[in-house]
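*Asks:* Before anything else, here's the structure in question.
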There are 2 protein chains.
Amino acid sequence: MAESQNMKDLAHARTKVSFDIKDMTNFLHGGEANVEQRRYIIDLIAKDPVFNKDDWGWLNHTDAVKRGIAMSTRLAEIKMEHDLNDLDFATMMEAIDDTLPIVLHNGAFIPVITSQGTEEQIEKWIPPAEKFQIIGCYAQTELGHGSNLSQLETTATFVKETDEWEINSTSFTAAKWWIGGLGALCTHAVVQARIFIEGKDYGAHVFVVPLRSLDDHRPFPGIEIGDIGPKAYNGFNKMDNGFARFNKYRIPRDNMLMRFSKVSREGVYTKPPHSKLAYGSMVLLRSVLIKQMALYLSRAVTVSTRYLTVRRQFNNPTSRNDSDLNPGLETQVINYPMVQNRLFPMIAQSYALFAAGSVMMEMYIGLMTGLSSGNIAALAEVHAMSSALKSYCTTFAVAGVEESRKLMGGHGFSYFTGIAHLFASTVPSNTYEGDNYVLTQQMARYLLKEVKTARTEPEKVTPYSKYLLLGLNRSAFSRTTCSVAQPDDWLNPAVQLAAFEHRCARLAYELSDAVEQGGLDTANPKTWSDHNIECYRISHAHAQYVMVLWLIQAVRDAHNPETDVERRAEPASVKVLERISNLHALHTIQTNLADFVEDGYFSPAQCQSLRAQVKAIVASLADDAVGLVDAFDHPDFLLNSALGASDGDAYKRLWDKAQSEPLNRRQVCDGYEEYIRPLLKKHGEFKL
Amino acid sequence: MAESQNMKDLAHARTKVSFDIKDMTNFLHGGEANVEQRRYIIDLIAKDPVFNKDDWGWLNHTDAVKRGIAMSTRLAEIKMEHDLNDLDFATMMEAIDDTLPIVLHNGAFIPVITSQGTEEQIEKWIPPAEKFQIIGCYAQTELGHGSNLSQLETTATFVKETDEWEINSTSFTAAKWWIGGLGALCTHAVVQARIFIEGKDYGAHVFVVPLRSLDDHRPFPGIEIGDIGPKAYNGFNKMDNGFARFNKYRIPRDNMLMRFSKVSREGVYTKPPHSKLAYGSMVLLRSVLIKQMALYLSRAVTVSTRYLTVRRQFNNPTSRNDSDLNPGLETQVINYPMVQNRLFPMIAQSYALFAAGSVMMEMYIGLMTGLSSGNIAALAEVHAMSSALKSYCTTFAVAGVEESRKLMGGHGFSYFTGIAHLFASTVPSNTYEGDNYVLTQQMARYLLKEVKTARTEPEKVTPYSKYLLLGLNRSAFSRTTCSVAQPDDWLNPAVQLAAFEHRCARLAYELSDAVEQGGLDTANPKTWSDHNIECYRISHAHAQYVMVLWLIQAVRDAHNPETDVERRAEPASVKVLERISNLHALHTIQTNLADFVEDGYFSPAQCQSLRAQVKAIVASLADDAVGLVDAFDHPDFLLNSALGASDGDAYKRLWDKAQSEPLNRRQVCDGYEEYIRPLLKKHGEFKL
């Protein structure tokens, strides 16, 4: 068919891109091999009808869960057929693009047993789990308790006579709640419960608990199971988040995972040695989230960048980028500076997330290698770093997804943008794996220790906290100012990093002072929670600092011949990457400007020139925007967006999607005879 | 039944409230009479089964639209039975708590005909519309065009021979799109189309267009109608937003509304006199939105404040507020300073929105009174003000609704908070009635005119722009600094207003300078759109200034014996209102701190003491938080929230809601035989 103006506009925009998109894609995904493997996996899912997304917009929770179960079992089969590694499995989940009842089987059930079970327990449970003869979930959260494990209300009482545990949910607030896979699918659960032996409370421990009969899937007597109902924004709609209450439910003693703590036949309890692995798995989950945020935010900006390139509205006399097109046409919305200044910084943030995701993964692998050889040196820092980055990245990335949707104006409110579904399934990341506000206390605690180290053994401060040394001489530090004299000085990575380091150092010492003084204030003694606002500030400041640093380093490495080829990029790509890195650094400063100016580090004139510089960099990226999002390499199946498809045919696709609305199968709507006609006729007929 | 700990906690919190909640409610809603009328209307809706909300979480778009039609026709009947005024009708819509296919009949169809039709046309269309013998919608937006009326693609060509208009949608991008009520319900539409007479384009005009037969509701030949499909987050789920394409569709000449423009039998076109009323209706719609935002944000913070009061997690050694309760209990989440510092400023914003909503309404009424007597003096300012406030208020209020949901942690992601539905139905307000970014250009344009006035005829500057006089002596102005010396100085309204005035004046003159210089820059001439970022900044700065001013004035009036009793409050209430007003002003400054410090107006020490003062005021409101949200007087039917109900029985209600999940009607889930069993048995049975 004839090429629409929409398609022409997107194609034309691609002719202006200053770099090779393939080259940029390889840089982002760590080499051509990864890119091809990712495409292969996504195609694998795309061609399987059970994963088709066409009717998702109309599924209510009841229908969605049934679909989720169909998708889950197919996912299990594919996993067995292709014996995929973790990375491929993650890509498969990315392609499926929704959380499924089965995800915690491989995501938590198996890992928990493997890491906390004895050899015999692993031997007993893992082989059937690998073959999906049993399907498990992870049951920790309760109606009344989430994060505070020590107060869980589910109890496991040792029954010496029969060598069993009796699991009890004393009240309905003890019900396990939010447990993914529990509502409909799973046959087993790993359950957190507080153990009691002869009346003594030994705290929370982990048990393998059979839930449903393997013959007919009925819940066993003594277990009350159900689905907790629909979720916000139709998020997790296919997931059977469930609840479970136990009433004197008996399981064998050795269903308690005993690698660390043990309970003998006689009911003798043996304490665990402190388990490092628990931390390791938290670090992993949070590090994976950074990578996922890169994929999510980049998807959202891909859709909005393409749509805003083909959407035309009003005439901007000197709109530059399409002056070479038919002047009779309205202006492409993406050519309005206001739009560019909202959109392009999010493209830069996406690139920063790709870089940060890789570094966090390397840090995690380094940590685990260390731990396996008993070296726990890195644990504290990596744990704090993963916490700070999880909090910061999931906060701005999810907000960016919604901002991308709003950028699309009226049509942005259609389900067919594909972005609403993305927001609904990513926004809980701000809460799970540690609430984004609570989590920031980890980095703050770590930095307070580092402040002490800086004062006592400065040489022992870890690299990412080196900025603390700047503040050792407080009076000199308080006089420090930013060195920018010319607008172009802002483009110097050293200048950018110096600003972030100064801000982090100041906030860290201010927190440290406040904690010390707060302790002394006997009249109104401060507690840790009185400092949590400042913990949040320093934690996000540190996260922003390393995000900026890591993108700068990734770009530097990209044109370093010493670097592995997978992480290199061609000069044309590097040129644009440097702009992206500058925009990311300077826009992050602008968004948090008060932190840089309130102590006099920036002068009024510098604030003005910073804002001007951000506008200039944004404008310089206009011709490359479409190329920069194409480079994320998100296929149409993944985007599932009428407005953001790769061919740019936005209006036609939106029109076609509307035709598929089930309501449109009837000329006269359901409810006419029952409701509309009686109203119209109530006071007699109106004659035209 | 026995009172749960949840219920005890909320009841206990109410014993600490320092003011009379009834008194505060009367203050907020403008007197006892309004409060009682509002409750009466909400009860009217609450007791009518068609408006029951229990199953909303499970309705897909198809079912929801049918429900929306049932609700629409009942709404029409109630309107006729009770002959309700606009305020009561608005309250009815508030109680119904979802947008319905019929809302634009009274909201746009009737008003447009009344304001733009001739006496004969009004006589012909309004009586049947009032009796719902015809039901209408408003069709302006098209697939390819929203805001840019002059480029609409729907055409109406005059056919002299038959004295008719021929309506055409040249291509599918000309299809009317997003039209509420069009998809299923309406028999008529007011349609915007560009008229052509003998080949000449006279621009967009308004037509009354019959859509569906009054006999069988079938669309007339030549009209293709349908529903555009589901929307983001299941928002507007019961609304049949529709599309329509016209193919040589004929209507009589006098179906064009001709109060302003006219087309004679001979096809002679008469120009309209400039219509003030068009502006008037825009001002009304935007002013109403401010009031609605007050109701929406206050609902969200009511839910989160109550839930966080009954939710207990972890033990905070010196948590103050419940030290008088059983010390064995965990800390109420609302007692964590981080939580208070996120939540309480939104309570203060809600109070500010109530005040701003009333003032905007008064301004609108004043404007219309003026216009009716030909006085257009106030038009420019009121139009700019309503635009700036619409943009600012819908932005932060909707963001606040989502923030309230996140504040509730894990359970906040349940549909049963009631807040997700609220966000989904309020977030489009950031786009409709003028996109929140585009809209800020109105206030910027107005202030640029005021800058000129300030320079030439300073005495003619309107009251809300008086701050521009501060900047007339630029060198003196640039040396101005904030007068705060002691922490308590921040509590002086004059100090607060001076800060906002200084900031507005600086941003206004910076914009004015940039526009002048930009025009001179011949090398790279700037256009208006190059200044839109600065337009956004000054427009929001001005909106924040008047919001702060209006709340200060409302509180001042509240204890002024001269004030009408409806707007007065008791001393105990005023004491808390002053804290609320201080928190609103100072938190707004803190959130935008860079604007106040980047030119040296605030000193580093002042920034520190400001942050400390905000924390102090927040802490001082802890005992009153529950009372402050109770005072909004949102009944449980309206909140429709398991976690935020007035009795505080959050866990029990969440449990009960989960039991109502349709999936739980079956012991074994749908899909077991088809999907789960085959997978479990694939590699033979696992024996426990």
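FYI, residue positions are counted from 1 along the chain as it appears here.
Placed from the backbone N, Cα and C atoms, the Cβ positions cover glycine too.
Relevant sequence annotations retrieved from TrEMBL are reproduced here:
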- A:E433: active site, proton acceptor (ACT_SITE)
- A:T141, A:G180: FAD binding site (BINDING)
- A:20-135: domain 'Acyl-coenzyme A oxidase N-terminal' (DOMAIN)
- A:137-231: domain 'Acyl-CoA oxidase/dehydrogenase middle' (DOMAIN)
- A:279-448: domain 'Acyl-CoA oxidase C-alpha1' (DOMAIN)
- A:492-681: domain 'Acyl-CoA oxidase C-terminal' (DOMAIN)
*Asks:* Can you list which of the recorded positions A:T141, A:G180, A:E433 come closer than 8 Å to chain B, going by CB to CB distance?
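*Replies:* Cβ contacts with chain B under 8 Å: A:T141.
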*Asks:* If you draw a 10 Å sphere on the Cβ of A:G180 (FAD binding site), how many other Cβ atoms land inside?
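*Replies:* A:G180 (FAD binding site): 24 neighbouring Cβ atoms within 10 Å.
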*Asks:* At the level of the C-alpha atoms, what whole-angstrom distance separates A:G180 (FAD binding site) and the residue listed as 'active site, proton acceptor'?
*Replies:* 14
*Asks:* Give me the CA-CA distance between A:T141 (FAD binding site) and A:E433 (active site, proton acceptor), in Å, as a whole number.
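*Replies:* Rounded to the nearest whole number, the Cα-Cα distance is 12 Å.
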*Asks:* Using all protein chains in view, find how many other C-beta atoms are within 10 Å of the C-beta of A:E433 (active site, proton acceptor).
*Replies:* 19
*Asks:* Please report the three-state DSSP label of A:T141 (FAD binding site).
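*Replies:* SS state of A:T141 (FAD binding site) = coil.
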